[in-house]
Structures are given as C-alpha cells and as structure tokens.
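The block underneath contains the structure these notes are about, expressed in structure tokens.
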Amino acid sequence: MTQPTLQPEDDVARALDVLAGRRLAVLTGAGLSTDSGIPDYRGPDSPPRTPMTYQQFVGDPAFRRHYWARNHVGWAHVHRTRPNPGHRALAAMEARGVVVGVITQNVDLLHEEAGSRNVIDLHGRYDRVICLSCGTVIPRAELAERLEALNPGFLESVGEVGDVEIAPDADAVIEATSHFVPADCERCGGVLKPEIVYFGENVPRERVERAYAMVDDAGSLLVAGSSLTVMSGLRFVRHAARRGTPVVIVNRGATRGDPLATVKVDAGTSETLTRLASELPTPRLAAPEGGFSA
Ligand SMILES: [Zn+2]
C-alpha cells in the first residue's frame, strides 16, 4: 500500500496536470486551519478525542454547562485567529475564476475573512448561536457579553487562553466548570446552541444540495486538509467520482477518499495551495456556459 518512491513534489506536478484549465470546487477541513493555530483533532499526530454529540448537548444540563464553560474560553481564541496562506491562495484563485467556490467543514469563517466569496459553511459557523425552542439566532459576540456578566472573573480564573487546549469547534478543555452559569434564550428561556452541526446531527438538506450543485458546476473537486472521516464530506468525493469528475486530495496523512482520488498529495495545505495558486492558469471559460446574457 505504501508508495516509498513517490515524492510529494511529483504528486504536486501531477495535480497541476489534472487541474489545469478546469474550474475547481474546493472542499476544506480542519487540516486547512492548523496553520492558523486551530488544532486538527483528526490529524495524523492528534490524540484520540471523543466528539460531543448532539444528543449529549440537548439531553444533559450538566454536559451543556461544561460545554458552554469551555466554549466561553475557546470562542475567544477562534475569534482572534487569522487566515493562513492556504485560505488566501483559495481566495486568490476564486478572484480570477479558477475556483468556483469553497465547501468547508470548518466553522471558523477564515475563508470569508481571507476574501473567499462563494463559501458554503457545511457545518455551520462559530459566530452565531441559535435557540433550539424558538429559532432565534443571535451573534456569538452578544452571548459572550451575557456569559461574561453571568460569570464575572471566569476567564481570568482559568488563566491565559494560550494555556488551555483549543479544539476546532471552539471547545477549550477546562477542568473546573461546575460553577459556570450558562445563558438561556432571552426571548423564550429555551436552550441556546452554537449554530454548528454536531455529531449525530444532520447538515440541513438545502445546504447539502447547494454543495452538490457547486461540485456539479465545477470541472474538478479539490479536497484540502480533510481526512474525510465523516460522510458529510466524503459524499461529495463519491459524488464527483461517480460523475467522472477528477478529484485531487491535498492532506497530511491518509483519507477515506484516497481510493477515489485521481491524485493524492500528502503534504501541507499552505505550501501546496500557494503553489497551485501561482501555477494554475485561469480557465479559458471563466463563467458557466450560458452564464452571461447580453
Ligand atoms: Zn428562544
């Protein structure tokens, strides 16, 4: 199964051959944001971690309190992160018509911040909170102020954010959270939940359909920084492969999509995407056929 003689450099050259002249749909995962300081808990060197499930969150008030205490710390960390060269390379390729759009499994909004315009936040976004009873959506920043008022001194008591473990879902690990007071919906008293898709929860159907449409609109699918562990991302690779659309995967370590990949580049996303952005030509047809009217 190993390919000891094949170097990543050769693979990048093969990826350039496959992608040249095509418009790309891009699927990104946690591996893309590690260079921004957000750890990838599914990466090859990551410790095993049991993700929180939707059922745990809605079913157990103690679990929810613990979650919000950790999120109160982790959120501030994600809020301060900045896009890295991988995000910027994708935004630059979109600006000149190489990239159709980005489907991301990340909730950190770094694509948007880097300047990508056509982004599908498949698993939601960290900066919004939704009431599970009445559906009211509020900014996470607004909730931060309420949590701070309900728990004065909490952030100081857990020390510098840099000292705690930060997870991709704005989840920071803190031991003593039993005294933390979570906030309920101000309108109806219902349970508040980050507008993020958790394990055991489905991605909204409309969002999935838009993502399929983006893949169908492109001439190839580029996967960057995802191990494709969960079906929510893997299904787009299967969809592309079924249609005969070339799939290029850039990821450190094996992915579940490798058997379907036209080319697999086992390398970091920042350097690889930067190189793709500098060497991929602008497709001759910069808009979908029939996309313009006179
Ligand atoms: Zn409510």
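Quick reminder: no glycine exception, Cβ is built from N, Cα and C everywhere.
The active site, proton acceptor feature in TrEMBL is assigned to His123. DSSP assigns His123 (active site, proton acceptor) to coil, not to a helix or a strand.
Positions annotated as NAD(+) binding site by TrEMBL: 29-49, 105-108, 225-227, 251-253, Thr269. Taking the Cβ of Gly37 (NAD(+) binding site) as centre and 10 Å as the limit, one finds 14 other Cβ atoms among all the protein chains shown.
The Zn(2+) binding site annotation in TrEMBL covers Cys131, Cys134, Cys185, Cys188. Cys185 (Zn(2+) binding site): 18 other CB atoms within 10 A of its CB, across all protein chains.
Feature annotation from TrEMBL assigns domain 'Deacetylase sirtuin-type' to 5-283.
Under the DSSP three-state reduction, Asn251 (NAD(+) binding site) is assigned to coil, being neither helix nor strand. The subset of recorded positions (Gly29, Asp108, His123) lying with their Cα within 10 Å of the Cα of Cys134 (Zn(2+) binding site) is empty, i.e. none.
Checking the recorded positions His123, Cys131, Cys134, Cys185, Cys188 for a CB within less than 6 Å of any atom of ligand 1 leaves Cys131, Cys134, Cys185, Cys188, listed in sequence order. Using the Cβ center of Cys131, Cys134, Cys185, Cys188 for Zn(2+), the list of other same-chain residues with Cβ within 8 Å runs, in sequence order, Leu132, Ser133, Gly135, Thr136, Asp184, Glu186, Arg187, Gly189, Gly190, Leu192.
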